[in-house]
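*Asks:* Sharing a structure with you now.
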Amino acid sequence: MSLSLYECLRAVGLQRHYARFTSVGICRAAHLSALTMEDYPILGICCMEDRTQLFNLVQMVKTLDLEYENSEEYGADSGDEGYTAADSSFSYVGGEDQEDVYNDENERGAAETGYNYGLPLSSPPAPNKTRPGAQQISVCVRKRPLTRTECRRGETDVLTTPSEECVIIHESKEAVDLTQYILKHRFYFDQVFGEESSNEEVYQRTAYPLVQHMLNGGKATCFAYGQTGAGKTHTMLGSPVRPGLYALAVRDIFAHLSTTHMNSPLLVYVSFFEIYCGQLYDLLDHRKRLFAREDGLKVVHIVGLRDVRVDSVSSLMEVISQGTEVRTQGVSGVNPLSSRSHALLQIQLRDANQQIAGRMWFVDLAGSERASDTKEDRQSRMEGAEINQSLLALKECIRSLDQEQSHTPFRQSKLTQVLKDSFVGDSMTCMIANISPGHLATENTLNTLRYADRVKELKGQGGLRGGRRGKTNHSPKQTLTVAASLTALWMSHPVSELQQNDLSPQPVDNQTAS
Ligand SMILES: Nc1ncnc2c1ncn2[C@@H]1O[C@H](COP(=O)(O)OP(=O)(O)OP(=O)(O)O)[C@@H](O)[C@H]1O
């Protein structure tokens, strides 16, 4: 009996979850019979109504006794002819139809033509995801709203965030015959925050788990990445009315310390410095030049770095605003160029003997835009080269954190050298890629998303993406079990102990680098 999964889901009003089903290898109606209610959350089926509908559907499929065992390989694309959840797709649009193209995205699936222009494909989040904080590395994206200036300029918003894990960039293109079309690039991350998300919400789902890890004595690093003006400072620093991650983290740290450690109080210290063109400058000490040195135990120390004890959120904000002022004026006197340096804020917990009892870094990375976008002079090219090198090295180091490689290229850049400690042991890392919605920023936004996607792909190389494309021998049921095992393992062991490839399907062939 031939029944399409999409048709089945549509019959019970669950077609919007189709992509999620195929992403975990459930590509045929027959596969539904293997589902249990424990699998529902992984498939995004959470509300009672959806659960009931899926339950009824599964029972019906079981009754019909579809040929589960004999079904073909679990290829998403083979199960439902004509319906592909292409990661990049293109559509012809006449100018005025553009909005429709955005709105009927899901319904239009059957008409879409998969076409990736040789770009790397993004894969849906692995279903082993619990909350980002439960993972050792999480990669999130935050879209900011159009600014007033952009609105006045008549810029259009080219980003849509159809779900909490998906962002689509609608790139306007022109074919050789001058036909206008929209090329849609779809990316999946651990979390995608739309423009309506507040700093508090972003904090709760990104840095909060890291803060908890730090309070338990661990090490954590939170990166803000993105082109200049994309919202890194808004996310990290925020404003007095909308405090950013720094202040929210310290708020929780003090709240925690006030209720625990009564007898042996922990003290909070901060240091703040920047890396500009490969050199370190102390932002709390008049931009004094600093040097990173490795001791006999290969631990990197930043010699002469000033740290300041803070005892409240307001004292932290005071320290940070002093540092930020120095950073901005010290480099260029104009804000956009401040994004040519990496700013690193370190928060340390120390006991009465000055022993470190927890450490967290907030890193506001240099703008990911190409230096040539703004200026062509030698200095800009040098800055750009240094930034590129450090961002590449960072990617490599995150990769080694995830895969426990024997060699980690810490020394390839100052950034990774000083953060070395954060890439080994029981560290947790979160990257927030900030993106601008305006159409003029399309290219930079795409680059930001591709970079973040590569970081995510590195972390997910043993992930379940193969299940979606049919390059696996796992049954859907096995796939879900693998996901559950991975989650459990991830929760109880450092990533280094995981032999991910033993557990998971191989990545698909067509996930190529751009
Ligand atoms: N989520 C948001 N909601 C509302 N406004 C935002 C948001 N994100 C950024 N903005 C606004 O967009 C502008 C640019 O943001 P911001 O200064 O944070 O960018 P940036 O990436 O830090 O830039 P640079 O690297 O040049 O310092 C600011 O006016 C900021 O207030």
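The backbone N, Cα and C atoms fix where each Cβ goes, and this holds for glycine too.
Note that this is a predicted model, so its numbers are computed, not measured.
Positions annotated as ATP binding site by TrEMBL: GLY226, GLN227, THR228, GLY229, ALA230, GLY231, LYS232, THR233. If you look up TrEMBL, you'll see 136-458 marked as domain 'Kinesin motor'.
Can you walk me through where each of these features ends up in the structure?
*Replies:* Around ALA230 (ATP binding site), taking its Cβ as the centre, 27 other Cβ atoms fall within 10 Å, counting all chains.
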*Asks:* Fewest neighbouring Cβ atoms within 10 Å: which of the binding-site residues GLY226, GLY231?
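*Replies:* Comparing Cβ neighbours within 10 Å for the binding-site residues GLY226, GLY231, GLY231 has the fewest.
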*Asks:* What number of additional C-beta atoms lies within 10 angstroms of the C-beta atom of THR228 (ATP binding site)?
*Replies:* 21
*Asks:* Over the domain 'Kinesin motor' (136-458), work out the mean pLDDT and round it to an integer.
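*Replies:* Mean pLDDT, the domain 'Kinesin motor' (136-458): 85.
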*Asks:* Which binding-site residues, if any, among GLN227, LYS232, THR233 have a Cβ under 6 Å from ligand 1, given in order along the chain?
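*Replies:* The binding-site residues passing the 6 Å Cβ test are LYS232, THR233.
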*Asks:* Around GLY229 (ATP binding site), how many other CB atoms lie within 10 A of its CB?
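*Replies:* Step by step: centre on the Cβ of GLY229 (ATP binding site), count other Cβ atoms within 10 Å, giving 22.
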